[in-house]
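One structure below.
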Amino acid sequence: MTGFVSLSTAMARGFFRDRTAMFFTILFPLMFLVLFGGLFKDAGASRTDILQIGSVPVVDQLPAEAAAGLDQVLAVTRTADRAAALEEVRKGDKAAAIEQVGGELIVHYSAADAVKAATVQGILESLVQQANLAAAGVTTPAVSLHAKPVEDQSLKAIQYMTPGLLGWAIATGATFGAALTLVTWRQKKILRRLRLSPVPVASIIGARVAVSIAIALVQSAIFIGVALLPYFGLQLSDQWWAFIPIMVAGTLAFLSIGLVAGAASKTPEAASAIANLITLPMAFLSGAFFPLDGAPEWLQQVSEFFPLKHLVSSMQDVMVRGESITVTLPDIGILLAFTLVLSAVAALLFRWDDA
Amino acid sequence: MRGTVQAMSPTIKVEELRKAYGELRAVDGVSFDVQAGEFFGILGPNGAGKTTTLEMMEGLRQPDSGSVTLFGESPWPRNPRLLPRIGVQLQASSFFERLTAREQIRTFASLYGVTARKADEWLDVVGLADMAGKRNEDLSGGQQQRLSIACALAHGPDLVFLDEPTSGLDPQARRNLWDVLRDISAQGRTVVLTTHYLDEAESLCDRVAIMDHGRILQSGPPATLIRDLDAPTRIAIESGVITADAARGLAEGLDVSDDGVSLTIATRTPAPVLSALAERDAMRGLSVRGATLEDVFLHLTGREYRA
Ligand SMILES: Nc1ncnc2c1ncn2[C@@H]1O[C@H](COP(=O)(O)OP(=O)(O)OP(=O)(O)O)[C@@H](O)[C@H]1O
Ligand SMILES: [Mg+2]
């Protein structure tokens, strides 16, 4: 136990004092987040902001499910001040203001943003029709509006990118951490020296796992912290913290990749090259940088074989899509199975010594 | 100490040890015992096979054939029962990256359950207390070497392996380290050391094995090896005080040479030569040198010792 603690401490100190490692595991991925987060700030179909003046029964009395659907496309702010509301629409701050006078639903919109105005009109028109049908006694209308955003295309860029880039950062950090520790510790004869001490092999590996998980937590805190800044405007789901188990499983999976890369290479240069060859293409093919929705079917199927795909999609599910932790369980299982297989390969390839 | 322990099984027993790297027979049939508390030296030039022998004893390398037992147990494969009892300084220093000297020794010590305070004391012992806050990358070669030795000794092992511990040390540090090693030995610990330095082996070791080309040529206490050699004593005086011919006339069977700086007389009976020189008042710059391990080595290998 003392061996585990002191080795973890030694490893963590070595990492946090290594400027290059710090740069590539934390600053470099963060630069992507800042760059793309800034570039695509307004991309993605964000919700349309509208104002509701007074009570509007057509909207207020929607069944819960329909209200939730509507909420994904329209952000409705209630106000009592009619004049101020109309002024906001006129200035273009809001896409529209709605009010209901008796049986009439009035939509005030500015011609400034025709697309948004049309969206609002279309949605409200269908609501009105539903209300009419209901009033006419048709409880199961032949056609009903189900307002649901198209997956991912509708996630604002920052919503998509934060889990994606974080997943990539964690994958890179864990892979390089394990590969380089193994190779440099072998090359610098530290493994040899440890072999002569009574420390169990499990403590050496345990220390690496603990340090990598700690680094992944630091990466997550920094990434989420930056993305939450109003400038980027990340909006986390209620159960966002449910990404932690999948993040740990992902760290383990990429540690095992790193261990194989490290066990198979003689020099740190070779280990870095192998780790890069694995993690970089995988990041593109797993939807870490951009959604795979537009990609060919076969590519989407191939991506299922990549641990990063499972890590990133599960992290997106719980962090920004409002799914619950149970959704991540299959991916956690897949990542752990992946870890087991690769760890066994690494154990077979493991050498204490160069010669 | 020795003599009384003969009945007990030896601390180290090495039998017919062999290791080849491809065609090269690095260790070629080496056998010896080391008794508890003994200070044992393996002496030999570069490539003699010292490190390879040591690594097989430490359990870092698997012998091609032959056997090693430490405290009656085999060190190969990794034997957790032996590990706490042995301390190893490897020929190539091995340190964690970017840790200070103090952090290094504390980390290694903690692997053996040794407290930070006791670990720090060892920095003092090897004279690195001032360097405690320096990263190992910033230490000089000799300082790293001393840190590496401190890391090997901090857990108080019963058996210590040191691979060329004084290489790269300045003369002062070398003497200090000799004192440290004598202390360790005086505490009853068994020490095995390899060295290039004949004077080091002569001054520290109870027993030395002279090794070359993977074989042990001879072993025994340094004094015995030298005595058995029956090598001549060398008497040197300043060149030009007397001629070489005059010197040859001083006594029977003298081997005289003059290199222009000193005139050297080799003889097995130095006393009459010295009194003859005194009579002639020809003792300017006199030095008398008995045989050393260097002569033993020269005799055994038929070539000059090249450290
Ligand atoms: N890993 C290795 N692979 C191949 N040959 C090796 C290896 N290690 C040592 N040798 C060779 O084996 C021989 C003995 O080497 P060893 O390191 O045991 O010598 P040594 O007596 O310790 O020398 P030195 O005084 O230089 O440390 C040398 O000729 C060396 O080149
Ligand atoms: Mg050597």
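Cβ coordinates come from backbone N, Cα and C, glycine included.
The transmembrane segment feature in TrEMBL is assigned to A:21-40 (among others).
According to TrEMBL, the domain 'ABC transmembrane type-2' annotation covers A:117-353.
Here TrEMBL flags A:165-185 (among others) as transmembrane segment. Long-range contacts of the transmembrane segment (A:165-185) within the same chain, counting only residues at least 6 positions beyond its ends with a Cβ under 8 Å from a Cβ of the stretch, are 11, 15, 21, 24-26, 29-30, 32-33, 36, 191, 194, 208, 211-212, 215-216, 219-220, 223-224, 247, 250-259, 261-263, 265-268, 270-272, 274-275, 278-279, 282-283, 286, 288-289, 307-308, 311-312, 315.
Residues or ranges marked as transmembrane segment by TrEMBL: A:205-234 (among others).
For the transmembrane segment (A:240-261), the residues of the chain that approach it from at least six positions outside its boundaries are 163, 167, 170-180, 182, 208-209, 212-213, 216-217, 220, 224, 271, 274-275, 278-279, 307-308, 310-311, 314-315, 318-320, 324-325, 328, 331-332, 335-336, 338-339, 341-343, 345-346, 349-350, judged by C-beta separation under 8 angstroms. The annotation transmembrane segment is assigned in TrEMBL to A:240-261 (among others).
What TrEMBL records for A:273-292 (among others) is transmembrane segment. Panel annotation: around the transmembrane segment (A:273-292), residues 32, 152-153, 160-161, 164-165, 167-168, 171-172, 175-176, 179, 254, 257-258, 261, 264-265, 299-300, 302-303, 306-309, 311-313 of the same chain, lying at least six beyond its termini, place a Cβ under 8 Å from a Cβ of the stretch.
Annotated transmembrane segment per TrEMBL: A:332-350 (among others), in sequence order.
A Cβ distance under 8 Å defines the sequence-distant neighbours of the transmembrane segment (A:205-234), meaning residues of its chain 6+ beyond its ends; these are 4, 7-8, 11-12, 15, 25-26, 29-30, 33-34, 37-38, 41, 156, 158-159, 161-162, 165-166, 169-170, 173-174, 177-178, 181, 240, 243, 247-248, 250-252, 255, 320.
Within its own chain, the transmembrane segment (A:21-40) is flanked in space by residues 15, 157-158, 161-162, 165-166, 168-169, 172-173, 176-177, 180, 215, 218-219, 222-223, 226-227, 231-232, 289, which lie at least six positions past its ends and keep a Cβ under 8 Å from the stretch.
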